[in-house]
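Structure first, then comments.
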Amino acid sequence: MSDDDLLSDRLAQMNLQRCRNRETERRERIFNDKVRTIGVDKEALNMQMKEREKQEEAAREEQNALDADILHNSKVACLLHSREVKERRAMEKAIVDQRRAQQEFDPKDPDRCGKTDPGDAQMMLPGLVGEDPDSESRQRRQKEQLREWLIQQQSEQAAERHQRKLEEQRYDQSREDMDNTALQLQNLEVERRKAAVLANKEYNLAKIEEKRCQRVDRNDEGNQTGTGNHLRGQLTGVDAEPTPGMMGVPGSCPGSDRRAPQESLQQIIQFQKYQIEENKRAELEKKQNEEQHDRVRLDSARTALLMERQQAKLNKQLRQQVDSTNFELAETHKRQKLDMKRGSIDDSFFSKFNTCSR
């Protein structure tokens, strides 16, 4: 909305508010018992007369302005008509003078050609009057020039179509490369997730194996303690209190009434050696499992780091490729925009025209 419309609306609103205030004052003056006058409201009538005079004055000024515009337009039309009449008369007079100057035989004056001064006579080309002897060569040159222009336009259109096709191919190739890069990134992400899941699984299995080994070690320690107590009781002849984790040994007797035979002692010693070897083997397996778990964890961390670096490198290459493609497209659009503004016309186009006159 323009400022004029806002100003006109504001003025109309002010006039309406002024009329409402005036009407409110008039009603208070008329319907008030203390200040009301009997008869007609003289002030309202005077105000109405003033408003009517103002309206008539405004209408009179508008009519005067309209009359002045009509008078001005009438004067301009009269001047243009008179100028047109003068120009038409001058043109007709010039045509008549030209015809008289080019007339060679006058029926009213047959000896006019003989009276003409040879120096003032117009020099004419050999041949018929109005004949152009170079018309064929000029038409041939014009046809050759038109043929060259058509060939040039066709070649330019073909070059433009070829350029557009190359740009479309480059754009399709860039889109395909970006799609392939995105697919590679997705495959790398899937492989990284698989490696993380596998490492987590191996870690959980290692923890389970570690807990199982600890439980076996606790059971072995309890069995060894019970066996030692029982052996000391048999050797000293005193019954040892059984431990909760004590297990029976083949060939041993828990009684304390008699000493253990030699074979039982050898079996106990062999069993203890076997338990010691089992403990060593369990510790070795535990150590190997821990080392394997550490290797798996380091390998998974190294693989994840390499995959993250490779993904960052691919993202950087993809971003650079997208930036270069956008820059090439912007340059192409800018060149096409400049060509559209100039119309693809250079100075060599105008030099091909025939600038010489007859």
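Even glycines carry a Cβ here, placed using N, Cα and C.
What TrEMBL says about a protein is an automatic prediction, not a curated fact.
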Range annotated as coiled coil - as stated in TrEMBL, picked from 42-69, 182-209, 294-321: 42-69
Confidence summary for the coiled coil (42-69), mean pLDDT rounded: 91
Residue numbers, six or more beyond the limits of the coiled coil (42-69), whose CB comes under 8 Å of its CB atoms: 22, 26, 29
